[in-house]
Amino acid sequence: MILADKRHRITLTTTGRIMLAVVSLFLLASCSSERQAIKLSGSTMGTGWSVKYWSDETLPDKMQVQQSIQSQLNSFEQMMSTYRADSDITQFNHSNSVEWQQVPAELAEVTSAALEISALTDGAYDITVEPLVELWGFGPVETNGKKPSVEEIDLALRKVGYRKLSVNQNLSQLRKSNADLSIDLSSIAKGYAVDRVAQQLNALGIPNYMLEVGGELITMGRSHRGNAWRIAIEKPVDGMQSVQLVISPDNMGVATSGDYRNYFEDDAGMRFSHTIDPITGLPVKNRMASVTVIMPSVMLADGYATALMALGPDKAMELAEKNRIAAYFIIRNGKELHTEATSAFAKYIHGEEQ
């Protein structure tokens, strides 16, 4: 699956009632504390970012923090957004060269991580699926619900394949063996951005915060209550914002991928998910409704959530258990939903499922 930059994110914490509840508790606690409750937010990569933390006289001014975060995110967008004609990734995609090309170190780092996930999943996760993402209307150019022809899909598939892409992370270089190959990092770049901004917050001396970019997030330290931050996983139901499960990640990264936000319907009412199978060239059709992954690296959690979503319930569970990945699956069974979790996920569950 590739999440297009400008599309609405797959939210992990709901953007309505659940997030408001967190904010309300956060602000209420500030009334009885000498510390100030701070919430900062902005835009990046076609989505939004936000951070909540406690501030006192020992920490930098909130405007300095805001500007520092936004500046770094703007830099990542310049490197990795396929929606920018002048971005580094767009320049690589438009190049017909099959020689090594110099790219920013960050771009090489994210590409390297993506290729490792591709290898582990036998290509179920593939950042070179970008031509298919474009074809199905989930890239910068929308198709207004037009289903591509078999011939168009076959033509795009010739440009796809993670083995056609090489990375030299030490030299910050990328190379494609097919001149028409192009990449889309939007399924992993937002997680990487969270990791890097978190490092920045740590360097600024901010020990307790919850940071999210496009729904991918990390929590550090403690919440206003003095215990671990609690995050709500959304129930994957159209037109609703309700809680499926509450978790306490405790200094970990969290990412969710799902099929219920980003899709289009053709004239016949058939729904096509943004999750594209790089083997068939078609939107993935399996029973997986959403996948939540918890890992120390938000970048890897982001990528693996996408990969497991594409694999489907059985293969995803097998791979996640084998690699000790903390993953939570919401699976469709007709009109009903049921859930499964890997053994590594159990320790993060707070309370009962809704």
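Note: Cβ is positioned from N, Cα and C throughout, glycine not excepted.
Annotation source TrEMBL lists Mg(2+) binding site at Ser187, Asp302, Thr306.
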In the chain carrying Asp302 (Mg(2+) binding site), residues 6 or more apart in sequence that have Cβ under 8 angstroms from it:
Ser187, Ile188, Lys190, Gly191, Tyr192, Glu216, Gly253, Ala255, Val293
Counting across all protein chains shown, how many other Cβ atoms sit within 10 Å of the Cβ of Ser187 (Mg(2+) binding site)?
29
Neighbour count, 10 Å Cβ-Cβ cut-off, for Thr306 (Mg(2+) binding site): what number do you get?
31
